[in-house]
Amino acid sequence: MERLVDLLKSSKNTVFLSGAGISTLSGIPDFRGSNGIYKKFDANRIFDIDCFYNDPAYFYTHARDFIYNLDSKEPNIIHKTLAFLEKEGYIQALITQNIDLLHQKAGSVNVIEVHGSPSIHKCLSCDLKYSYDDVREILKDEEVPYCSECGGLIKPDITFFGEMLDQDAFTRAMDASAKADLFVVIGSSLVVHPAATLPMLALKGGGKLVIVNNMETPLDGHAYLRYDDLGEVFEYLSDHFRER
Ligand code: CNA
């Protein structure tokens with residue numbers, strides 16, 4: 001791990017890509033990990049855009065214990081260390097596939113949310129915006145939130161399977177990745193595309209790839225450094241950088 005510290009210190013343009021694995025330490029299950037959502041129910045169906053249109057209650061029922069309870073979830077040592085490293089100038093961009101808002105809660109500023117965010121919801125008929133808190137309030141009484149102005153279905157601004165990614169966010173993510181001299185993937189299985197292509201952009205630009213994940217990923221063979229345990233790595237980084 002000393003080698004990772006050295007890399008973080010010597011790199012001029014460090015980009016992190018986070019996935020659902022980093023929030024398991026905050027009690028939010030990931031998709032494909034050992035206690036992931038895929039083990040319990042069909043996450044493909046919950047986040048499938050056609051299923052959402054046909055049966056929004058299916059999404060909102062499952063999301064109650066997954067997205068609409070985020071107020072009770074706190075950033076862990078990984079989110080906090082990343083925010084600290086950004087503040088100290090060691091991280092230039094943080095790209096996340098997560099939709100749990102914990103990076104922002106920990107204080108990270110330059111966060112690129114490539115799969116959107118539940119902080120905004122929109123009426124699919126009239127485009128009226130609702131905040132996360134608005135929708136959580138509606139869900140206290142209703143199974144599915146509908147627009148108070150026109151009765152249209154309300155959808156969170158997260159990217160479902162079958163939808164295009166937000167082009168502005170993804171373009172920023174691609175630009176940051178292509179410029180990175182150090183690209184660190186944390187807690188992602190790297191199987192969801194196109195986010196999983198971002199490390200390749202860094203490699204093509206001559207950047208070094210580091211992967212921290214406790215299951216194999218398709219890019220392990222390209223990794224300059226490879227670690228399994230996120231908790232261990234971030235305890236080390238936290239101790240090292242905070243105790244200087
Ligand atoms: P994923 O496919 O579930 O992969 C997570 C990876 O993290 C797995 O390979 C795990 O083995 C690994 N992992 C879990 N805990 C640890 C640990 N303590 N140490 C090391 N490795 C660990 O998730 P991805 O992010 O790759 O997939 C992308 C999807 C998942 C995105 O669309 C997300 O929006 C979606 N998702 C997000 C959240 C969230 O916001 N917290 C939760 C669940 C799913």
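Every residue, even glycine, has its Cβ placed from backbone N, Cα and C.
Per TrEMBL, active site, proton acceptor is recorded for HIS115. Less than 8 angstroms from the CB of HIS115 (active site, proton acceptor) sit THR96, GLN97, ASN98, ILE99, ILE158, THR159, LEU165, ALA195, each of them six or more residues away in the same chain.
Positions annotated as Zn(2+) binding site by TrEMBL: CYS123, CYS126, CYS147, CYS150. Note: CYS126 (Zn(2+) binding site) has non-local neighbours CYS147, GLU149, CYS150, GLY152, i.e. same-chain residues 6+ apart with C-beta under 8 A of its own C-beta.
Taken from TrEMBL, the feature domain 'Deacetylase sirtuin-type' covers 1-244.
Apart from CYS123, CYS126, CYS147, CYS150, the residues listed for Zn(2+), the same chain places the Cβ atoms of LEU124, SER125, ASP127, LEU128, SER148, GLU149, GLY151, GLY152, ILE154 within 8 Å of the centroid of those Cβ atoms. Taking the Cβ of CYS150 (Zn(2+) binding site) as centre and 10 Å as the limit, one finds 12 other Cβ atoms among all the protein chains shown. Same-chain residues at least 6 positions away in sequence with a Cβ under 8 Å from that of CYS123 (Zn(2+) binding site) are, in sequence order, TYR130, CYS147, GLU149, CYS150, GLY152, LEU153, ILE154.
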